Amino acid sequence: MAVEPLRVLVTGAAGQIGYALVPMIARGIMLGANQPVILHMLDIPPAAEALNGVKMELVDAAFPLLKGVVATTDAAEACKGVNVAVMVGGFPRKEGMERKDVMSKNVSIYKAQASALEQHAAPNCKVLVVANPANTNALILKEFAPSIPEKNISCLTRLDHNRALGQISERLNVQVSDVKNVIIWGNHSSTQYPDVNHATVKTQGVDKPVRELVADDAWLNGEFITTVQQRGAAIIKARKLSSALSAASSACDHIHDWVLGTPEGTWVSMGVYSDGSYNVPAGIIYSFPVTCKNGEWTIVQGLPIDDDSRKKMDATAAELVEEKTLAYSCLT
């Protein structure tokens with residue numbers, strides 16, 4: 001029995017992240033080695049020629065799983081029948097720009113894309129927002145696509161989650177696949193809280209707490225947190241371009257685990273619509289630890305939160321509430 005292809009939308013597809021992401025999707029890294037895909041690529045009219053170049057390369061790569069490519073500058077055409085939407089397109093902050101100006105540009109982009117998805121996407125479409133400010137862009141999308149269930153709209157904090165795993169694995173000189181259950185709480189910004197209080201490392205077949213193995217609270221409570229929070233800026237400084245390869249890879253991880261499930265005993269971080277869990281204000285998109293099964297995520301409940309964690313979780317929530325207010329002020 002042939003597997004029906006899934007339609008995957010990538011917006012901003014001619015950009016850096018898009019260029020890294022589309023071959024990963026076409027190779028089956030996002031949805032699995034047996035799942036055929038039809039790629040829908042959207043970008044703005046000035047990027048139309050570059051977008052066509054990406055389409056040519058996708059044809060040239062002869063990916064067995066790639067059953068078709070739609071490359072367009074028309075949002076309605078791009079969204080038609082898509083099962084998964086990865087929203088990479090947005091308005092980047094340029095030097096000298098006020099936060100409100102950037103927010104205003106992104107609010108109008110995400111309002112328009114929300115209505116295109118609302119009208120044209122497949123009924124159970126899963127949406128992942130990557131473009132910054134990711135949490136608030138996802139919130140705007142949710143507001144203006146009321147027929148898409150709120151549980152189907154998420155934002156990317158898996159990049160931060162993976163960055164945290166990477167830092168622990170480097171510090172302890174262990175395989176990154178043996179580190180699990182870090183948490184990114186809050187905003188995909190420098191206020192995010194990378195929490196290792198529940199994280200473990202597998203050593204000689206046994207899961208041991210990261211805190212115990214690292215045995216350096218000063219590092220875990222200080223440099224580790226700031227390194228993860230500021231990793232994006234460090235990569236821009238080194239590469240003169242933003243992190244594209246790691247962003248694309250973590251977007252694949254996010255969708256892969258959401259659709260195909262997380263391993264037993266492992267959670268991941270996803271920016272999802274808050275229901276008030278862990279006393280986080282409802283009505284914002286906030287990164288929580290989640291497990292996934294049968295295409296649905298569930299917030300991991302009942303983790304003990306110490307006073308220091310509480311303060312950091314509240315600070316990043318406050319920033320998200322403030323961003324929400326700013327975004328809504330751009331709507332009037």
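Placed from the backbone N, Cα and C atoms, the Cβ positions cover glycine too.
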Recorded NAD(+) site member, picked from G28, G90, G96, that accompanies Q16, I17, D43, Q113, N132 in Swiss-Prot: G90
Recorded oxaloacetate site member, picked from S115, S147, S243, that accompanies R99, N132, R163, H188 in Swiss-Prot: S243
Sparsest-packed of the listed binding-site residues (Q16, Q113, N132, S243) - C-beta count within 10 angstroms: Q16
Spatial neighbours of I17 (NAD(+) binding site), counting only the binding-site residues R99, R163, H188, S243 and Cα distances within 10 Å: S243
Cα distance (Å, whole number) from N132 (NAD(+) binding site) to R99 (oxaloacetate binding site): 11
Where I17 (NAD(+) binding site) falls in three-state DSSP terms: helix
R99 (oxaloacetate binding site) in three-state DSSP notation: helix
